[in-house]
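Taken verbatim from TrEMBL:
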type	residues	note
SIGNAL	1-18	signal peptide
DOMAIN	142-554	domain 'Peptidase S8/S53'
ACT_SITE	D151	active site, charge relay system
ACT_SITE	H200	active site, charge relay system
DOMAIN	361-438	domain 'PA'
ACT_SITE	S517	active site, charge relay system
DOMAIN	598-711	domain 'C5a peptidase/Subtilisin-like protease SBT2-like Fn3-like'
Amino acid sequence: MHLKTFLTFVGLLSPALAQRIVPGAYIAEIKGTNTNGFLSKARTNGVKIRHRMTLNQETSIFNGVSFDLEDDTPENRAKINSWGEVVELSPVRLYDAAAPVAKQVTRDVAKLISKRAGGPLDNYPPHVQGGVDRLHAEGLSGKGIKIAVIDTGIDYTHPSLGGKFGPGNKVAFGTDLVGDRYNGNNTPVPDDDPIDCAGHGTHVAGIIAAVDKDFIGVAPEVILGAYKVFGCPSVSVGNDVLISAFLQAQADGADLITASIGGPSGWTEDPWAKVVTRIVNAGTPCSIAAGNEGAEGLFYASGAADAIGAIGVGSVNNLNSPVVLTAAKFSSGDIKDKEFGYTPGTGSFGTKSYELYVPVVDGQITDACAGLPADVGDLKDKMVVILRGTCTFEAKASAAAAKGALNVMLVNNVPGAVDVTVTAPGVSVGMVTPETGAEWLKIVVEKGTISASFNEEAAGIITAVPNPLSGGTMSVFSSWGPTNEMYQRPHISAPGGNILSTYPLIFGGYAVLSGTSMATPYVAGVIGLYLQKAKAEGRKVTPAELRVGLTTTGRPLVFNDGAKNSTFLAPVAQQGGGIVDAYKFLHSKTSVDTELLEFNDTQHFRESMSFKITNNGDKQATYKLTEIPGATAYTTKEGSTLAQAFPPTMLESYADVKISPNVLNIKPGQSKRVVVRLTRPAGLDAARIPVYGGWIEISSNGVDRLRIPYMGVATAMKKATVTNFEEGYPVLRNFKSETAPANSTVSRPILEWALALGSAVVRIDVVSVSNKEANDVPVFTDNTIGSLPGFPNYWNPRTPLGPDDINRVTFTGRIVKKEGDPSIRVPAGTYKLVYRALKMTGRKNTGRDYERWESPNFIWA
Ligand SMILES: *[C@@H]1O[C@H](CO)[C@@H](O)[C@H](O)[C@H]1NC(C)=O
Ligand SMILES: *[C@@H]1O[C@H](CO)[C@@H](O)[C@H](O)[C@H]1NC(C)=O
Ligand SMILES: *[C@@H]1O[C@H](CO)[C@@H](O)[C@H](O)[C@H]1NC(C)=O
């Protein structure tokens, strides 16, 4: 999951690793808590297993064990499956920290952060964007609320995170479930010290609860639990570890569990998603990152944000991006040693002073695209100041070099400053912000002279640079819904793009990261404030109250493609309820009983849906209900069955929504029901899988205002093509990756397939062509000899866009007669493979609900 702004990529989660499985590792959910009984039963039955984790808690949300099967054969799996105490046997799947897309890590900026404009008010931009500043002004801090952070651990030695670990400290509870050497595949070796060695968890923790001089978290007085589920460096985590961490956090009495972890899924059936649902049903809310796969377009929901009951969180860009500049000083006349910041690029200015040469043409600093003025003389010992734009950095550096200048300071023509690389021999470059450039221009126009001094050891300056291009709108990397079952994710979005927070001291102490990973702890902190207020009022809060309240008090945002705002609102599929409004969430006097109205596809269309409005205030209120449309988005490219990469085609074609009644009076403490009837938008190309949506706005006397997002899919999903036939899949190849010619001997036939949409069941069956009698297993319209071992394959996510991520299986001459049976060897002969993928909303036992493809015949000798 990644985003790009100005620096390096952090490639923790690659879509290529979608739905990875740890070979030979399984989770068995068992009846009762006797995991030792299970393990000894395996021994006495001659099944060699290595214990990974015991997944039990006294709460009995889930009982089970994860293990490595030394001999990972269908026989052994069938044996285990047949034991009465086994509820379900599933493979261990890998997930990743929702990795930041870009990161900027700084050293020793603590004292510089405290220099930022501050004062008694909380004017930290993301807090203003989400309404948290107003809650802080009311004295709310999350005091006494316990939030468990499932992540890479927390650097609790950071002074802003309390300095110590254990009861009485800010990071008061938690554990390391895996040990430092864990990489997702090997066996976890737990210890009790959840110190962070990677950075992600410390950044997340700071967003929730850091206390720095002028930089504070959303809920600075909550008690944090650190559940470390990644090794060092952090690679991946198995869902057995995630299940165990969630169960432990719940048993430890966390008021909220938050995880900035995920992976492409879109199905609610993964064991981790199921455990999340059970924990939520038992009363503990869970907030989970919606994913950083926005580039994949629609229908790309992430697990376990897609779990029923979880709060899925999308990302909004910071209005003011923090940028780290290097400090320097300039003097001119009465101005002595005034600090400014620049980004160093190629070369170095050393520890030295320079006289600035600021050539002005037509009242502006020159862009030097037509060269420098002829009469400048030799510039060898001076620093030349040149405006960015019109021609390349290289052209500017060469123009300076032509006059002997070796030191060039560029002035940015857009907010902030970037690192510049040039190859002009011997030339060093840097860049200052437009503000610094304007200051210098003014001095020079008034005939002043400027000198600037640089220090190679200078510290960084954090400055907040307005982001007029995409600030305050959805981050392009934020994953889009809906899920494969037409549930909307995310529910709500929060500042997550370009966020400054704490980072392990060994990496410098602070970092600017981006991701839904950063938005999720923001929402976790907001929930902390809500729970603190409810506790003070003596109220018990359910997870549903939080999910509904957060989603319906959100503020819908206009669409932004990464560079500019549109005139229309972004689709519900991208933003859910919009940006969180923490103040309204805590202070609304009205509530509803649903967070989303999901109208499903045309075949399962709900013509009307209803919800209840409750007046929690102490005065009678008049409510007016209206509809606000959001853009409709097409899932697939024009004339194609494949998904369209971001940004999808969007249309201002809206559903017709009838709300009745649309005006109503409700007495204090009373509720009334409202019915919403919807006619889908007209004139759409149903083949492109249009997803429409908007918000039902409920406003009372101009004071309270809630908006319930609604959405639906304007096609019959069962008609949509789930297999990527378009790019030539499925295909049978030989081991040299050549297409296997029909009726030839293929020594290791490999079937490759790719999915254009998620498919709940993919099966590959084997038909004997040379011995028709042998085909004693009917599979819908085919008589087969059985399936490839490991098939059917369940809950398959869509294959990511791009050429690298197709699925492959090799025919080894073995088949299973029926699911879970031991595999058997087939005799020499001519065979073909029959591939089937279940269409969306299709029924598993109905043949015509599958797409079917058969391979050419091949000879197995
Ligand atoms: C774009 O829209 C967002 C959200 O409404 C807003 O915060 C931002 O200021 C807008 N940007 C511009 C340049 O208008
Ligand atoms: C939409 O309909 C399908 C098929 O009945 C169902 O499985 C799915 O849960 C429904 N989705 C929603 C959001 O209700
Ligand atoms: C392969 O063999 C089958 C059965 O003998 C035959 O029907 C088919 O036409 C052959 N295909 C090719 C491409 O030769």
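Glycine is no exception: its Cβ is also placed from the backbone N, Cα and C atoms.
According to DSSP, the secondary structure content of the domain 'PA' (361-438) in residues is 14 helix, 19 strand, 45 coil. For the pair D151 (active site, charge relay system) and H200 (active site, charge relay system), the Cα-Cα distance reads 7 Å. Over the domain 'PA' (361-438) the predicted model carries a mean pLDDT of 91. The helix, strand and coil residue counts that DSSP assigns across the domain 'C5a peptidase/Subtilisin-like protease SBT2-like Fn3-like' (598-711) are 3 helix, 64 strand, 47 coil. For S517 (active site, charge relay system) paired with H200 (active site, charge relay system), the C-alpha to C-alpha distance reads 8 Å. By neighbour count, meaning other C-beta atoms within 10 Å, the densest spot among the active-site residues D151, H200 is D151. When other Cβ atoms within 10 Å of the Cβ of S517 (active site, charge relay system) are tallied across all protein chains shown, the result is 34.
S517 (active site, charge relay system) carries a helical DSSP state (H, G or I).
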